[in-house]
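Here the structure is laid out as structure tokens; the discussion comes afterwards.
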Ligand SMILES: [Zn+2]
């Protein structure tokens, strides 16, 4: 007897796509077989659909507590569920206080309780002055740390702050001792700030001027500097939301040199061009900026060649008013968590022929391996039954009213998407059904990192 059986679907297994049935019991994948004859309490018919592991979104900002008006755990996790995400790791900034010590992490954990429709875990922040908090955060189960090399934060007490080179170097030394991963926003701070001021002074404030204020080399420079620090300290690093082929190539060279480094990009860098941002406006403002079509094409080659480890949304929501004004003043973040899987399936699998196994690697298998989530990331017996059904033959135009975010704006509103997520299952619980919307209870569980054991540091 199973709790749930998924029949008739084209299931994306690690070894390829196969017409098999999946039997789920106690939240786990209990059986994968050509035909399951036992009974089940519930059956999902996946005819003409792909059955894939749920996305593990390693880059989500929920601004609760403190800025709950921007996004909350309930609304944010509903959007993730509707978007085919079954677990996420929450960034340590935008909420107040920022997650830079154990007390702040406890506030997050408390605020998140009984609100999440999908599983969730947390980052800790690396900021100037919190070196002594990093170990406690590790013991409390954060999966990784995040630091900003470009300008970040505000004067509000408890808000996040970017690191300078000294704080970055010292933080990396400490995280190397702890054996923990550091995730980096890599852009050169002083050049991007200076160029932005130049642009505004000259009255150059179009979407293209914004792109030109953060040129490709300012991302590459920061990536190369962080790689050098990683070589020196032995810290494991990961680059978030990389927007350029040149930065991806720098990561690949470092990896060949033996640096423990990985790289993510985001759907908006692959599905939207700077030329289109002129039309979409501030809803598509983010940093690093969405690049011009010719640069994007080269990023695509890196993705198709397997040089980008995974895709994350960088869902960075805000209230509507913060998207008003000129592009240099507007909030730099895109609400996108609800459309990572369908947009990427459309542009990568359907439009560019990315094999489905590679697609699943990008959204689930690779992030689960890097973040130490052995129960997730694949459709295989004994894994968590985190499963998504996607219909490649449906298409729809995204409307504001489709969005579950607290603030119903997105860079993808008005976009035609040539596939549709029809069902999302979290540990055997159906949490989203395209005909009914969000269903059931907030079943999401807190995940904590089990890989806290310090790495042995060589004495030199
Ligand atoms: Zn972010």
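The backbone N, Cα and C atoms fix where each Cβ goes, and this holds for glycine too.
Just so it is clear, the model here is predicted, and its values are computed rather than measured.
These features come from TrEMBL:
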{"type": "BINDING", "residues": "59, 61, 146, 314", "note": "Zn(2+) 1 binding site"}
{"type": "BINDING", "residues": "146, 185, 241", "note": "Zn(2+) 2 binding site"}
{"type": "DOMAIN", "residues": "50-431", "note": "domain 'Amidohydrolase-related'"}
{"type": "MOD_RES", "residues": "146", "note": "N6-carboxylysine"}
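Where TrEMBL records a feature, it is marked here on the structure.
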{"residue": "59", "record": "Zn(2+) 1 binding site", "DSSP (3 states)": "strand"}
{"residue": "146", "record": "Zn(2+) 1 binding site", "DSSP (3 states)": "strand"}
{"residue": "185", "record": "Zn(2+) 2 binding site", "DSSP (3 states)": "strand"}
{"residue": "241", "record": "Zn(2+) 2 binding site", "DSSP (3 states)": "coil"}
{"residue": "314", "record": "Zn(2+) 1 binding site", "DSSP (3 states)": "coil"}
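Residues 314, taken from the binding-site residues 146, 185, 314, are distinguished by a CB atom under 6 angstroms from ligand 1.
Just so you know, the Cβ of residue 241 (Zn(2+) 2 binding site) picks up 25 other Cβ atoms within 10 Å once every protein chain is counted. The Cβ neighbour count for residue 59 (Zn(2+) 1 binding site), using a 10 Å radius over every protein chain in view, is 26. When the binding-site residues 61, 146, 314 are ranked by how far their Cα is from the Cα of residue 185 (Zn(2+) 2 binding site), 146 comes first. When the binding-site residues 146, 185 are compared by the number of other C-beta atoms lying within 10 angstroms of their own C-beta, 185 comes out lowest.
Around residue 314 (Zn(2+) 1 binding site), the C-beta neighbours below 8 angstroms that are at least 6 residues distant in the chain are 59, 60, 61, 240, 241, 266, 268, 286, 333, 334, 336. Report note: the Zn(2+) 1 site is defined by 59, 61, 146, 314, and the residues of the same chain whose CB lies within 8 Å of the CB centroid of those residues, excluding them, are 58, 60, 91, 93, 240, 241, 312, 315, 316.
Report note: the Zn(2+) 2 site is defined by 146, 185, 241, and the residues of the same chain whose CB lies within 8 Å of the CB centroid of those residues, excluding them, are 59, 91, 148, 183, 184, 186, 239, 240, 314. The 10 Å shell around the Cβ of residue 61 (Zn(2+) 1 binding site) contains 23 further Cβ atoms across the protein chains shown. As a whole-number mean, the pLDDT of the domain 'Amidohydrolase-related' (50-431) in this prediction is 97.
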